[in-house]
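Peer 1: So that we are looking at the same thing, I have put the structure below in structure tokens.
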Amino acid sequence: MQDLMRLWRLFAPYRGWMLGGFAVALITLLANVALMAISGWFITAMAVAGAAGVAMNYFTPAAVIRGSAIARTAGRYFERLITHEATLRQLAGLRVWFYRHLEPLAPARLMAYHSGDLLTRIRSDIDALDNLYVRVMVPVLVAITAGVAFVLFTALFDLGLALLLLCTLLIAGVLLPWLGHRLGKEPGQRIVQLQADLRQAGIDGTQGLSELLVYGAADGHARHLDRISRALVAEQQRMSGISGITQAATGFTANLTLWAVLWLGIPLVHDGTLAPPQLAMLALFSLATFEAVAPLPLAFQQLESTLAAARRLFAIVDTKPAVTEPTGPSPTPRDSHIAIESVRFHYPDAERPVLDGIDLDLPAGRRVAIVGATGSGKTTLFNLLLRFWEPVSGRIRLGGEPLEAFHGEDLRERVALVSQYTHLFDASIRENLLIAAPDAPQGLLEQACETAQIHGFIAELPDGYDTWVGETGVRLSGGQARRIAIARALLRDAPILLLDEPTEGLDAVTERALMDAVQQLMVGRTVLLITHRPVALAQMDEILVLDQGRVVERGTHRELLQAPIYPRLLGLDLES
Ligand SMILES: Nc1ncnc2c1ncn2[C@@H]1O[C@H](COP(=O)(O)OP(=O)(O)OP(=O)(O)O)[C@@H](O)[C@H]1O
């Protein structure tokens, strides 16, 4: 119920459309029931008049029948139009709402989710909520309003018949939906989970296809997919079985009501309480009223999967961001001086600190490198500087201002990042460059690429800067992708530069060439570089050696060559 209320509040901006959809659906139903009832009355009244040899006015009922038929047809059209408009607006609004909540969680809190899982939540879970308005809210409101009107109308003729209709409508409109909901709850929840698992396994299998093929694990993965798929089909079959039973039961109740009305009504005709045409009208009327409750069992059967989808979205939306944004505007830093003061940090649930009292003074324009064994906390330090996480204790300052006083966006505007992994979007080279500076003219793009030493390569491509790089940049080599990253950083023109192993995985010749480009990028900027490459380290003002979250050695490349740990980390001790 709580989840339903929460969704209802989220739908507040669309209540006008929702109300419109409900009104048209109600009019359509009333027109259809009126059509059936008046037709029953009209045919019988004509037959009785004919048998008695008396004349009757058939113009008025014929006109009402025609009017009801037109209202029903037009109503169906507008009902679809308005309810779908309302639903699409709700879904569009929900997507924006979800993204707004997703943004502050990235990347720290979202690491816990598989990308396929997130995709399922963004697409399928939000789409699943379209059920709620069209298949649950509108039918329930229409059934309650119309059901009361139908029983009151029948009571105008006979209280016993009204009571009968009330009972059978309650069976079809309350008992069967309750049963549908109860039986559909478990399979509904499982269907949502299995659909998410299937998507996740599918994405995993596609992304890791090379590994699966190389290690001969493709068949095993296919079997895994098959198992999930079979389990999903079994649950869907269970759901179909349940809906078959409840639908059949609704039809059976409707027909039973028709017979019961006739059975109770015939004595009323005999004793003159009802005229024969009125009985025919009431019989067809009672049959038609079940149209109001017929969608309810299926709606409530599917309600659980809709709510399960809503709960999965709420679970993300309710996650507390790793970083608290300040309430006021960001300060203006004096310069790009970075001061790290006794910073300690551990990831949630981790026992030992990743950074354990780090101090670093990085005046504007200085270049410092960080060296350390794998897992020593180098990337974590970058994540703190980018304010993806916050230190547990200690403080980081930028230009004299504490980092926590900056909004994430304002801070990251001052920082350019080049890492060993460059994400390239499934777009052209130009579009991939423009994400760093959306308004940059072609001349500036070319100038940045020239400095990054990639312009020549791009210019030789048949489509030049319009060349499509493919998903995750599959059409470019690692070195080329990193040059694009350097060009992006140049275009960003930020005063602070973070380089996370920019030459990792490249051969010595490419590394040397790339370092020339990196050199150009470093000019005039405050630089923090993570690397183990002597070529790059020799060019730095200071080097910090990190071990288990502590700075254990510091100095220039030349000085540290005499230190105990540094040469080992660079593999220089093995060479000598
Ligand atoms: N999101 C996270 N949640 C929990 N623990 C994490 C997370 N990210 C990193 N860690 C842990 O923190 C420690 C430091 O990780 P970090 O990535 O900073 O190391 P690193 O020095 O950059 O390593 P590498 O050179 O291999 O990139 C590791 O033990 C790692 O397992």
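Each Cβ is built from the backbone N, Cα and C atoms, and glycine gets one as well.
Given the structure is predicted, the values throughout are model-derived calculations rather than measurements.
This is the feature table in TrEMBL:
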DOMAIN    19-305  domain 'ABC transmembrane type-1'
DOMAIN    338-573  domain 'ABC transporter'
TRANSMEM  12-35  transmembrane segment
TRANSMEM  41-59  transmembrane segment
TRANSMEM  132-153  transmembrane segment
TRANSMEM  159-180  transmembrane segment
TRANSMEM  248-266  transmembrane segment
TRANSMEM  278-300  transmembrane segment
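Could you place the listed features in the three-dimensional structure?
Peer 2: Residues 64-65, 68-69, 71-72, 75-76, 78-79, 82-83, 85-86, 89-90, 93, 133-134, 137-139, 141-142, 145-146, 149-150, 285, 288-289, 291-292 of the same chain, all 6+ positions outside the transmembrane segment (12-35), place their C-beta atoms under 8 angstroms from a C-beta of that stretch.
Non-local neighbours of the transmembrane segment (41-59) in the same chain are 65, 276-281; each lies 6+ residues outside the stretch with a CB under 8 Å from one of its CB atoms.
Listed as Cβ neighbours of the transmembrane segment (159-180) (distance under 8 Å, sequence separation of 6 or more from its ends, same chain) are residues 143, 147, 150-152, 242-243, 246, 249-250, 253-254, 256-257, 260-261, 264-265, 268, 282, 286, 289-290, 292-294, 296-301.
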Peer 1: Counting only residues 6 or more past its boundaries, what in the same chain has a CB within less than 8 Å of a CB in the transmembrane segment (248-266)?
Peer 2: 158, 160-161, 164-165, 168, 171-172, 176, 274, 279, 282-284, 286-287, 290, 293-294, 297
Peer 1: Would you report the average pLDDT that the model assigns to the domain 'ABC transporter' (338-573)?
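Peer 2: So the average pLDDT across the domain 'ABC transporter' (338-573) works out to 88.
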